[in-house]
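Have a look at the structure below before the remarks.
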Amino acid sequence: MGDHAWSFLKDFLAGGVAAAVSKTAVAPIERVKLLLQVQHASKQISAEKQYKGIIDCVVRIPKEQGFLSFWRGNLANVIRYFPTQALNFAFKDKYKQLFLGGVDRHKQFWRYFAGNLASGGAAGATSLCFVYPLDFARTRLAADVGKGAAQREFHGLGDCIIKIFKSDGLRGLYQGFNVSVQGIIIYRAAYFGVYDTAKGMLPDPKNVHIFVSWMIAQSVTAVAGLVSYPFDTVRRRMMMQSGRKGADIMYTGTVDCWRKIAKDEGAKAFFKGAWSNVLRGMGGAFVLVLYDEIKKYV
């Protein structure tokens, strides 16, 4: 094995451990966020049983479903990391060459900006093609509020994928795919635009203290996450459609989903669980910083 391949494998495995630790640590926040996002589209949660907010959700989950249910869907989320990273690594440079070859960042800023969006969107869409069923299963497992085996809609990752595939075919596992790609592009546009602006405002962008860099990254991630959050809400709601038939189908398509959420629930509904998303990002970053510190002594 060459040095390059060995280096990639080490980073890949170390990153996988870090991802597993950080995702597992913030999984309860992630589940709260997902439940707040999709409860209106859930057959299991009637109007009177809907969660009133983050605190209500955190208090009721262990009471109604057991403490370990905070980690429902986490395995799919951890597994998803490995193919996503491998695919990103495989496609990233190819898309950069295609969209950014010969573009000067300083002299052709807007072309560079557009190329960055295109390469990020293309790389994201390519890896999503392969890992989307895992993301789908993670959402459906997290949204499953049944307590015992008899009340659960799905009994695990494999059961979820098989049931939906039998019911709706491959299309059922890719509900909300289009809006997911749109969300990636919007996220990258916000992230790239805000990050560059923030760094450009510093007196010496090349010599920035690690804490300042971390604060900028946190702020930019939070802003980009909020800007693209409505797309995430719509895609999760679309995921909840799979396996439904006839009158049970709430949304006829993505456009109908946008329209009905705005009309029936108001614009605020697009941002349900957004605050927990910000907390999750901070928690994940903290765990990764901790992991880097531990790695120094191992």
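Here, residue 1 is simply the first one shown, and the rest follow in order.
Placement of Cβ uses the backbone N, Cα and C atoms for every residue, glycine included.
Annotation source Swiss-Prot lists phosphoserine at Ser7, citing similarity to another entry. Secondary structure at Ser7 (phosphoserine), taken from DSSP and collapsed to helix, strand or coil, is helix.
The transmembrane segment annotation in Swiss-Prot covers 8-37 (among others). For the transmembrane segment (8-37), the list of distant contacts is 1, 51, 53-54, 57-58, 61, 69-74, 77-78, 81-82, 85-86, 89, 139, 142-143, 145, 232-233, 236-237, 272-274, 276-277, 279-280, 283-284, 287-288, 291, 295: same-chain residues at least six beyond its ends, Cβ to Cβ under 8 Å.
Residues or ranges marked as N6,N6,N6-trimethyllysine by Swiss-Prot: Lys52. Cβ neighbour count for Lys52 (N6,N6,N6-trimethyllysine) (all protein chains, 10 Å cutoff from its Cβ): 9. When secondary structure is read from DSSP and collapsed to three states, Lys52 (N6,N6,N6-trimethyllysine) falls in the coil class.
Beyond the transmembrane segment (75-99), the same-chain residues lying 6 or more positions past its ends with a Cβ under 8 Å from any Cβ of the stretch are 8, 12, 15-16, 19-20, 23-24, 27, 30, 115-116, 118-119, 122-123, 126-127, 130-131, 134-135, 137-138, 141, 157. Per Swiss-Prot, the feature transmembrane segment maps to 75-99 (among others).
Residues or ranges marked as transmembrane segment by Swiss-Prot: 110-130 (among others).
The transmembrane segment annotation in Swiss-Prot covers 179-199 (among others). Through the fold, the transmembrane segment (179-199) approaches residues 113, 116-117, 120-121, 124-125, 128, 132, 135, 205, 208, 216-217, 219-221, 223-225, 227-228, 231-232, 234-235, 238, 254 of its own chain, all at least 6 residues removed from its boundaries and within a Cβ separation under 8 Å.
Taking Cβ pairs closer than 8 Å, the transmembrane segment (211-231) reaches residues 179-180, 182-184, 186-188, 190-191, 194-195, 198-199, 202, 270-271, 274, 277-278, 281-282, 285, 289 in its own chain, all 6 or more past its ends. The transmembrane segment feature in Swiss-Prot is assigned to 211-231 (among others).
Each residue of the repeat 'Solcar 3' (212-297) gets a DSSP state, and the totals for helix, strand and coil are 72 helix, 0 strand, 14 coil. According to Swiss-Prot, the feature repeat 'Solcar 3' maps to 212-297.
According to Swiss-Prot, the feature transmembrane segment maps to 274-291 (among others), an assignment based on similarity to another entry.
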